[in-house]
Structures are given as C-alpha cells and as structure tokens.
Amino acid sequence: MKIVSWNINGIRATRVGLKETLDSLDADIICLQETKVTRDLLDEPSAIVEGYNSYFSFSRVRSGYSGVATFCKSSTTPQAAEEGLSGVFCNRTGSVGCYGNTEQFLEEELQSLDQEGRAVLTQHRILNCEDKEETLTVINVYCPRADPEKPERKTYKLRFYHLLQTRAEAILQNGGHVIILGDVNTSHRPLDHCDPTDLETFEENPGRQWLNQFLGDPIPSQKGDSETVMPPSAGSGLFYDSFRYFHPTQKNAFTCWCSASGARQTNYGTRIDYILGNRELVESEFLDSVIMPEVEGSDHCPVKAFMKCQPIAANKCPPLCTKYLPEFAGRQQKLLQFLVKKENTLGNTTEESSELTGTPSFTEGADISTVRKRPSDKLNSTSKKKSKIVTKNGQGNLLSFFKPERQKLTMATECNPIEVPICKKEKTVQKDLQPATPAVKYNKPQTAFWKSLLKGPPPPPNCKGHSEPCVLRTVKKAGPNCGRQFYVCARPEGHSSNPQARCNFFLWLTKKAGCED
C-alpha cells in the first residue's frame, strides 16, 4: 500500500490533466492540500476522476483559499469519511467518529477551526502483514500558517494543532491505526531548515514545541543509521515522523521552497510536509518514507510512504464522496435515463403533448406520410384561434395544415432590400492609403529628438559577487520603505556558502515608486 501527500497549490492549476497527475504519483491514497477551490467552483473533471473516489473539504470563508482533498483508488475505497476535525460539519451517517474531549473549545471556536477547509478524514480496512484485518484512519490536513503581521493567526494555528492532537489520539485509543499527513507548516528540527539561525530561538517556536511533545523519539532504522542523536527536547508522543524514522540524519531533504526567489534551484527550503503514523504502525507496517523533489508543479514537492499492509475496498463509497454531490449526481442520473426504456412515460407525454398542441396523435396503422407538423408560430396563437381549430375529439382541423401563412408572407413583402453603395473610386482610395514618403523623412529628426529627451531607465548595475546585471525589486511590505525600489543579484536565493546562489549585493534606487495602502 502506498500513500502520497502533496500541497498542490491549486488543483485547477495542474499542467496536465488531474487523472494523469494522480496516476503519475502511483499511490493508493493521494492527499492534496491547498486545492484553492470552493464548492461553487468545483468542476466535474476535478471532482470525478476515473478510477478514484474523492473527498473534499472546502473553505467557507474565502474563495480560492485553503481546501484539502483525498483521492482513493477504487481498490482502496474507504468505509467512512468525514470533513473537519471537530464534527461540526459532518454527516453522522458514514462518519468516522471519536472526537475526544473538546470541552476546552467553545462551539464557535470549533466551527471557526473547521470552516477554512483544512481537514478530511477517511477510514479504511487493511490486511496487515500478519493477515489480520485492522482499521486505518488517514487524516489529511493543511495546517494554518502563522502570519507575523497577524498575531491572532498564531493563536489560531496552535489551537488547530491541539484539536488535531485531540482527535487523532481519540481515534487511536478507540482501536486501529492513525496516519496524519499533509502540510504541517512547521519545520521540526534544525536539520529540516535551510537556515535555522540561532538554535535557542529556533527551539522556542511554539509550533516546534508542540511537535516535540506530539512526536516520539524515532528508533534507528534497520539500515544502519544507529548514529542518530536526538536533542534533549525530543518528546515521547504517540506518533512518529516516518521520514526521520528511516532517514534520521539525511540533510537537505526539503519539501517547500520560495518560488519568488527561485530557491528551489539551489535547494534552499524547509521540510514542512510530513507523513506521521502511530508508533506501532510505523514499526510494523512501514517499509520506507521518501520525499519526491523531482515532481514539479507547485512550491511544494510530494512525500510518499510505502507500507506492507494491503487495502480492503469497501462495497460502497461513504456519503461524503464527491460523486454524491447533487450537482454531479444529477448529471449521472441524466446519463442513466438514456440507457433505460420508459415506455409508459413516453406514451403519456405523447398524449399530453397532442392534447395541448392540437396535433393528431400517432396511432398504429396510420399513414405517417399524410401527417405534417404545424408551423412553430402557430403554437403562440391565441386561445380563440385554438378553439376554432381543435375539434371535440382533440384532433386538429385539416384546413389548418393547408392554410397559407399570410403573416410570414406579409413580413417578407414588407422587407425592403438593402442597398449597399459600391465604391467606384478604388484607385483614389488606394492612393490615399499609400504612405507619404516626405512625412517619413520629416519624422526622422523628431524621433531622434524624443529619443534624446526620453532616454528610459539606465542599465542595471552589476552585482559585486558575480559581475552580472542585477534585477530591480520593489518593497511591498507596509512601512516607511513601501514603494521603494532596489537592485539585487539576479541569481536564485541560496545558502551563503553556495557560489551559485545570490550574493549579498544591494542598492537602493533613488526614485521612490507609489505604494498602495
């Protein structure tokens, strides 16, 4: 069994079709984050993919924001699925359950934590390596980012972490296994960050402190990585970071890079995408956990886990499945109608239509060649005219079929032909359209004058590190320098020890551009 997690940064922005993208990931369960699609914008190609059943969670606060989706192969159809961590928005039928003690959260807070579309749960039946059936719950999450300029988002992020832990541990205590995977938006160790700076400040981050107590010490893998040394802050939680379980000392293993600075070219990033599993599951069923930096299309790369267990498909998709949404279920029902014969319905419809329009109904043995359709404009005639034409038996008067349509003829005779004047002076027109040679000669000194007056921006300076032309940037952040422009090295961002990375050249441009508030 193979599981993949990927922050796709827009499900509708894939370079190829979604099915081709999913197939290329080669996994039984594919969890996507930051789909950036709300329910009203979800189209059928994204919702219903051949060979997969999908489960979405949409943002209810903003359009084109957040959102997660889990795609399961037909051979891995879950037995239950649920949107959100709190159960506020879930349908009790086919839900996962086990919410834990949420008394520390207010009802409004629970609704706020789930209304941004950041979690989808799917529960599967698996056959473990000992051929025993067990339950596996997969929690697909897109954890919030703590914006430094918005202190309330820092609190929101920590509360989301605590709700995630409450739900995951409650499901685990109820039996079975749990996998948490997705964009956690926190790099755990200095090894997971390209520039951890001061280690003391690094460890003081509240998100890292939560991960310390939530995750347990990884046991050295059987591949000989026994030299693993964990910091004293390592916790004794119920879950393992599966990647560090198998690759505890691997450096430069990043999953997210800044697209604006081109940091992916120099691998100057962070590892914030995880596949976390409960201890027993990782120790007994996991074979490996890897990152996939070769897969492009987002500012994140996928992460993948290989497991020994085999999935057991459910007979029917749970109610949360996207194909059951009315906007997509209705389309499938219409397609089914073309494949099912409905003789009685068609018969009644024919009788009703013949009574309403006054046209003769087709009976067995009738000469079809003698029946003619009435013109469409007769359907809009007044009730008085219909009463004269329709007989007591509901059949139309034969004279109505041969009656000349005076109205159409009158309209045709009243239309006057449109006279289009023909230009007979082609030579004169062509002569006027020809460019005037004296004018071109007259404009040459004007062009030289304007070029001398409007010289344009000066060429950019060369950076001191590489002697290459710099690029011009503009300060977007609010403050006294907002709108100011500056020159920096054109190379991608990277570590200071990397000669191929951007040097530290910086030069303000004297002229200040405008900045919107």
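Here the Cβ of each residue, glycine as well, is placed from N, Cα and C on the backbone.
Remember, predicted model here, so these are calculated numbers, not experimental data.
Sequence annotations record features per position, and here Swiss-Prot assigns Mg(2+) binding site to Asn9, Glu34, Asp183, Asn185, Asp299, His300. According to Swiss-Prot, the motif 'Claspin-like CKB motif' annotation covers 82-90, on the basis of an author's statement. What Swiss-Prot lists as active site is Tyr142. As annotated by Swiss-Prot, active site, proton donor/acceptor applies to Asp183, with the evidence given as experimental evidence. Sequence annotations record features per position, and here Swiss-Prot assigns site 'Transition state stabilizer' to Asn185 based on similarity to another entry. Among the features that Swiss-Prot reports, active site, proton acceptor is placed at His300, with the record citing sequence analysis. Residues or ranges marked as site 'Interaction with DNA substrate' by Swiss-Prot on the basis of similarity to another entry: His300. Feature annotation from Swiss-Prot assigns compositional bias 'Polar residues' to 347-362. Summarising the annotation, Swiss-Prot assigns motif 'PCNA interacting protein (PIP) box' to 395-402. The Zn(2+) binding site annotation in Swiss-Prot covers Cys463, His466, Cys489, Cys503.
Features as recorded by Swiss-Prot, highlighted on the structure.
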residue : record              : CB count, 10 Å
Asn9    : Mg(2+) binding site : 18
Glu34   : Mg(2+) binding site : 24
Tyr142  : active site         : 26
Asp183  : Mg(2+) binding site : 28
Asn185  : Mg(2+) binding site : 21
Asp299  : Mg(2+) binding site : 17
His300  : Mg(2+) binding site : 24
Cys463  : Zn(2+) binding site : 22
His466  : Zn(2+) binding site : 16
Cys489  : Zn(2+) binding site : 21
Between Glu34 (Mg(2+) binding site) and Cys463 (Zn(2+) binding site), the C-alpha gap once rounded to whole angstrom: 37
Asn185 (Mg(2+) binding site) as reference: those recorded positions from Tyr142, His466, Cys489, Cys503 with C-alpha within 10 Å of it: Tyr142
In three-state DSSP terms, the structure that Cys489 (Zn(2+) binding site) belongs to: coil
Integer Å distance between the CA atoms belonging to Asp299 (Mg(2+) binding site) and Cys463 (Zn(2+) binding site): 27
Chain-mates of Asn9, Glu34, Asp183, Asn185, Asp299, His300 with C-beta within 8 Å of site centroid, Mg(2+): Asn7, Ile8, Gln33, Tyr142, Cys256, Ile272, Asp273, Ser298
For the motif 'Claspin-like CKB motif' (82-90), the number of residues DSSP places in helix, strand and coil: 0 helix, 2 strand, 7 coil
Cβ-based neighbourhood (8 Å from the centroid) of the Zn(2+) site, residues Cys463, His466, Cys489, Cys503 excluded: Asn462, Lys464, Gly465, Ser467, Glu468, Cys470, Ala490, Arg491, Arg502, Asn504, Phe505
Cα distance (Å, whole number) from Asp299 (Mg(2+) binding site) to Cys503 (Zn(2+) binding site): 23
Cβ neighbour count (within 10 Å, all chains shown) around Cys503 (Zn(2+) binding site): 19
Minimum Cα separation from His300 (Mg(2+) binding site), reported as the residue among recorded positions Tyr142, His466, Cys489 that achieves it: Tyr142
Rounded inter-Cα distance in Å - His466 (Zn(2+) binding site), Asp299 (Mg(2+) binding site): 27
